[in-house]
Amino acid sequence: TAFYSSFSRRVQVEFYVNENTFKERLKLFFIKNQRSSLRIRLFNFALKFLTCALYIVRVTLDNPKEAIPGWVCKLSFFLLLWCVLQVTVALISFLETMLITYLSYKGNIWEQIFQISFILEMINTVPFIITIFWRPLRNIFVPVFLNCWLAKAALENMLNDFHRAIQRTHSAMFNQVFILICTLLCLVFTGACGIQHLERAGKNLSLFDAFYFCIVTFSTVGYGDVTPQIWPSQLLVVILICVALVVLPLQFEELAYLWMESQKLGGNYSRHRAQTEKHVVLCVSSLKIDLLMDFLNEFYAHPRLQDYYVVILCPTEIDIQVRRILQIPLWSQRVIYLQGSALKDQDLMRAKMDDAEACFILSSRNEVDRTAADHQTILRAWAAKDFAPNCPLYVQILKPENKFHVKFADHVVCEEEFKYAMLALNCVCPATSTLVTLLVHTSRGQEGQLSPEQWQKMYGRCSGNEVYHIRLGDSKFFGEYDGKSFTYASFHAHKKYGVCLIGVKKEDNKSILLNPGPRHIMAAADTCYYINITKEENSAFIFKQEEKHSKGLPISGLYDAPSRLPVQSIIASMGTVAIDLQHPDPPEESGKLTLPTENGAGSRRPSIAPVLEIADSSAILPCDLLSDQSEDETNHSDEEGSVGSDFVKGYPPNSPYIGSSPTLCHLLPQKAPFCCLRLDKGCTHNSFEDAKAYGFKNKLIIVSAETAGNGLYNFIVPLRAYYRPRKELNPIVLLLDYPPDNHFLEAICCFPMVYFMAGTIDNLDNLLQCGIIYADNLVVVDKESTMSAEEDYMADAKTIVNVQTMFRLFPSLSIITELTHPSNMRFMQFRAKDCYSLALSKLEKIERDKGSNLAFMFRLPFAAGRVFSISMLDTLLYQSFVKDYMIAITRLLLGLDTTPGSGYLCVIKITEEDLWIRTYGRLFQKFCSSSAEIPIGIYRTESHVFSTSESQVSINAEQGEEHRDRGESWKEKTAHRNSTASDQSEHPLLRKKSMQWARRLSRKNVKPASRAERISQQRLNLYRRSERQELSELVKNRMKHLGLPTVGYEDVSNLTASDVMNRVNLGYLQDEMNDHQNTLSYVLINPPPDTMLELNDIVNQESFPRGHHVEAEQRRRPLSPSSSFCNTDVNI
């Protein structure tokens, strides 16, 4: 009962928000509510338009010569209808105007009365209402045509209400253009109607003639065939012209301002184009010209992407250089720049993100605070995923600890992960950075083909190799190897077609396996990954052997003639390669190939075992990664008891960041105390204070960085991976500007022989204390604090000068440098008067003019892997749009990821005992038949000799192409090489053509040096020798001051040319004592099978996990003819 009584006392309450009065409700209906006010404005516009139409009808049917209009008598019904309509419309308009005025009243009645719209309404409505009651005023002329201005205002308000009602903003540019058009129409209509009415007393112009006169007048043409005759009409023309001169310029100024602003913002990407054309969106915080050109060149290098549009979404105003580039016809029709933020849905809608094929989100690496740059990238990725969840995301992140925030993206490239892993592999696998950079760049291999330098031709042609994929069942390269082992397929595909099969992916497995070895049997559903000059679909196959056979010509084997053309013969351009196929059936004695002798006799070469189709199961060892079958268990020696005997294999217990891939490594049995990690200070556990006191057996690897970031962890892991032999582990010294925190030390204290020291590379004492004279490699990492400068390209200035100083102080040291800008690599190991370097600079400009994306590839420091810029790997993310496997393959090559059964990267050096193999094709067979390793390239070091006069020659490419100085002789040194080949000059280490090429590019002929010039040169050499001695004394004095022994320091004055040649990892090193002796190094990716091996060649190989250590020991022995064993480990 109480419940019902309380329920009965309830009262219904209606709530209002300032609309509880009748006036407020009317105001809500007529003004505030968008939908109702839109209907009212539409009705108002219809009334004004009807009024103007009625006026035109009356004027058209009126005959001004008659006193009483003729249509009044004949069409009285229509007259009555016209009067009723006109008066009704006027009455309705008057009442609406008074109501709107009442609702808009805010206390000042005069403000409402003197509004132009109110005055026009009174002029066009009040006279009609008065004529109802006062008959004499029915003959008064009412300028009803002025309702066009009221219709214009109603139309503008109606459009505004319409966009408010549908909750969608319209373009300000469209609104301004619409206002301008309406203003012009109203001016013309008012002028035509007014002149026609006033000329009734004069020339009696028709409405069309008056309209024609207004158009001619406002267009400033002024034919003069129709003119007003009486002064009232002439006065009206003057008034209209004055109004037009005031109103129209203001409208055009506003339109021009909006157009300029829209050009800055970039406008919109039309919905129609987004639905009919394909486009991708590029989101960046700031767009630089280098970043833009790298993206466009790499993105549009693929034929199937030529019809794609690129929409750039950037919050900053477009740069002048970028604007100039985008105005080029090549890009202006395909690239659209939008100024906006990826965090705003309106800007994402402008870019039509939901219809995009992909979204690339790049970080700003030039920011001082790279963590803040990553945070911005993460927010952009989240915003893009929230707005367009089905759009594929390609994200570039800087710091590895931020990678897990964008794990949802389809493809992620962490800059510091790739950078440090690549720099680490550069220390043990020379020029890994160059190898990977060339693989991820799109090139047709045409660079350097017009150069007379043989190494540039071969290097440029091999740089066109890229990674492609194809299904084995659909492939001509690999289809015949269904049911065969992976090693067998890789060797024979390289033998017949010149392609290098490096990996495979099973149909039921998402992981890519690099060189899974002979235990993997190829299936038709497998996806094959191979290195070639172009993909198989763009290759034409020419069976030349069958043509020879049909003509009765003898069929030659693959290796019968060392001077035959490469298997890969590029005879077509534009992405099509024709491959000369050798005889499909291998020769009967493929493993016993003849070796030419000095007297031409037919003695046989040392035999190489054939590659088996299916490996013997008894020879395949089980893949037990955790087994401790180390060298000290199979080969006991005196050294092994002191080096690596107390190491264990396992996974690092502490990772410095989330998302790092676990890698099996050599670890300490117990974590080292933090105090023992400090190289230059003793502790209670040891009293060592410099690198010499530790007595390391192997050379040091020194890393110079600003801070101990989490990326440094990826530098240590590849150098401590389980497949690195324990006896060959190099001590690692981290030379840091700022001491590391305990979190980082906790992550590295489990690795053997890893130390740190606080210091900088511009301090000689710090370099000597960290053991630079005992180091093989010094890695200089780009510092975050120097990445941004007032002039962009000056960010590398301090690094370059410091490296040049170390190059002068320690000429035998291999220095690997990371730069911010790739264009600055020309300053590495800079010598102003080196004619060969100047000739290479001219070649770089020529290749750039030809449109090459790899113009910098001929710079000697880059070719040798001595310099690297992380921006070179930007193309890895761009290529992933077409090749979604490229990031996974690169991570496997660099050791960032490990997949069970997948291979890793290693190298082997060609010694004099290995030269009996003779060709790269036979080396391929040797590796495949013995250790199942797959070679993928050669790192070659050559020597060049320069004369004194030539080193001072200036370069002129145009004049060098026209004539050659034939009378000048060039000096050449030859190096002795112990080989089984009969002619040692067949593969000289000293290239004579380099001197000829430099001379051909000379500006003027070189005259023989006079006696005065020779004396001047001798004085210069004496000065240089005294300078070198000063540098040597400086280093020795500092070492004595620090209490360091000077025995290990190599005096530059005693460094000989042979010492330089033995440093095969130096890339391009000039002996400071002998200015004429130079060495250069370069990478040959997948060279042709008939490429001749040379002394000190370093072969890059692909290997897979196995009982590793025994095979690793055998792999580093000379490749003697008898060492043809089958092994289950495979190396890349």
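Glycine is treated like the rest: Cβ placed from N, Cα and C.
Record features (TrEMBL):
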{"type": "COMPBIAS", "residues": "582-591", "note": "compositional bias 'Basic and acidic residues'"}
{"type": "COMPBIAS", "residues": "960-975", "note": "compositional bias 'Basic and acidic residues'"}
{"type": "COMPBIAS", "residues": "1120-1132", "note": "compositional bias 'Polar residues'"}
{"type": "DOMAIN", "residues": "277-413", "note": "domain 'RCK N-terminal'"}
{"type": "DOMAIN", "residues": "698-838", "note": "domain 'RCK N-terminal'"}
{"type": "REGION", "residues": "580-606", "note": "region 'Disordered'"}
{"type": "REGION", "residues": "950-989", "note": "region 'Disordered'"}
{"type": "REGION", "residues": "1109-1132", "note": "region 'Disordered'"}
{"type": "TRANSMEM", "residues": "77-101", "note": "transmembrane segment"}
{"type": "TRANSMEM", "residues": "113-134", "note": "transmembrane segment"}
{"type": "TRANSMEM", "residues": "177-198", "note": "transmembrane segment"}
{"type": "TRANSMEM", "residues": "204-223", "note": "transmembrane segment"}
{"type": "TRANSMEM", "residues": "235-252", "note": "transmembrane segment"}
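Remote same-chain residues near the transmembrane segment (177-198) are listed as 52, 55, 59, 141, 143, 145-146, 148-149, 152, 155-156, 159, 205-207, 209-211, 213-215, 217-218, 228, 230, 232-233, 236-237, 240, 243-244, 247-248, 251-252, 255 (criterion: CB distance under 8 Å, separation of at least six residues from the stretch ends). Packing against the transmembrane segment (77-101) from elsewhere in the chain are residues 26, 30-31, 40, 44, 47-48, 50-51, 54, 57-58, 71, 112, 118, 121-122, 124-126, 128-129, 131-132, 144: each is 6 or more residues past its ends and has a CB under 8 Å from a CB in it.
According to DSSP, the domain 'RCK N-terminal' (698-838) comprises 60 helix, 29 strand, 52 coil. Confidence across the domain 'RCK N-terminal' (277-413), taken as the mean pLDDT and rounded to a whole number, stands at 89.
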